[in-house]
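This report concerns only the one structure given below.
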């Protein structure tokens, strides 16, 4: 399948986004370490990192990555852009190995290879971007019965989880927080893509910001992002990051692809073989992502706090026996 020029642009932007975002984690960590050596660590409630240039460099790098990711949706379908977000994990893991001296376990290397192989499968068989000439055309797609039903079901599920389930089970069931983030995330991507296309058309000379529908999508992006970030922070604060990150990636990507299939009908022009190959590529990326997260601490020495805690536990029985 010959890739369209827009798909190539979207692919380039998506990979640039992954490189920027993956690098930003390492740069910010270096800045946090330097700031912690000269002041109160961030984990202890300190804000000395705000005076550290490297931390700000990491923040700028992350913002550049998010801008590139935003722009990628204007040129390529979400079926291509969203799964490639996993490549940021590879950039982060490899840079951490060389810059932070964090050992990349052999299983981590295998995870990186799986992510790359899966990404190649998706890229080679990705659908071409649908040609859209105005915001009215996007609004027509968004008001089709299928997508209206999906949006209503997604919003209803989110409201039910927030008002009926979170208070009772959110602290025990990780999927409650992740489901809220993923459902809102799928609507975020749909709206981000609409705004990105509006910007692309506006820069081409056809102003799309004269339509109220464009501003509607901007409001949806703002609301969905705030809800998404709020409950993602709660999930990360309550559960193991090594489990939250891959599970969130899988659920978010699946729901995003489903939402785009319903609204933009990305797979309408593809054969069953091409769709199956993309699904296999996605499953391969999922496997690599889980492997990377589950083995990222293998080979690294435990943090000093953990060592002290373990030593205290070992010494406690001895002191009890000696006193008796």
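Backbone N, Cα and C define each Cβ position, glycine as well.
TrEMBL: automatically predicted annotations, no manual curation.
Annotated in TrEMBL:
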type     : residues : note
TRANSMEM : 12-32    : transmembrane segment
TRANSMEM : 53-75    : transmembrane segment
TRANSMEM : 81-100   : transmembrane segment
TRANSMEM : 107-127  : transmembrane segment
TRANSMEM : 147-166  : transmembrane segment
TRANSMEM : 173-198  : transmembrane segment
TRANSMEM : 210-231  : transmembrane segment
TRANSMEM : 243-263  : transmembrane segment
TRANSMEM : 275-292  : transmembrane segment
Best-contacting stretch, by C-beta pairs under 8 Å, relative to the transmembrane segment (53-75) and drawn from 12-32, 81-100, 147-166, 243-263, 275-292: 12-32
Considering the transmembrane segment (81-100), which listed stretch of 12-32, 107-127, 173-198, 275-292 counts the most C-beta pairs under 8 Å: 12-32
Same-chain residue ranges lying at least 6 outside the transmembrane segment (275-292) that approach it to Cβ under 8 Å: 79, 83, 86, 89-90, 93, 107-108, 110-122, 124-126, 245-246, 249-250, 253, 257, 267
Most Cβ pairs under 8 Å with the transmembrane segment (173-198), selected from 12-32, 107-127, 147-166, 243-263: 243-263
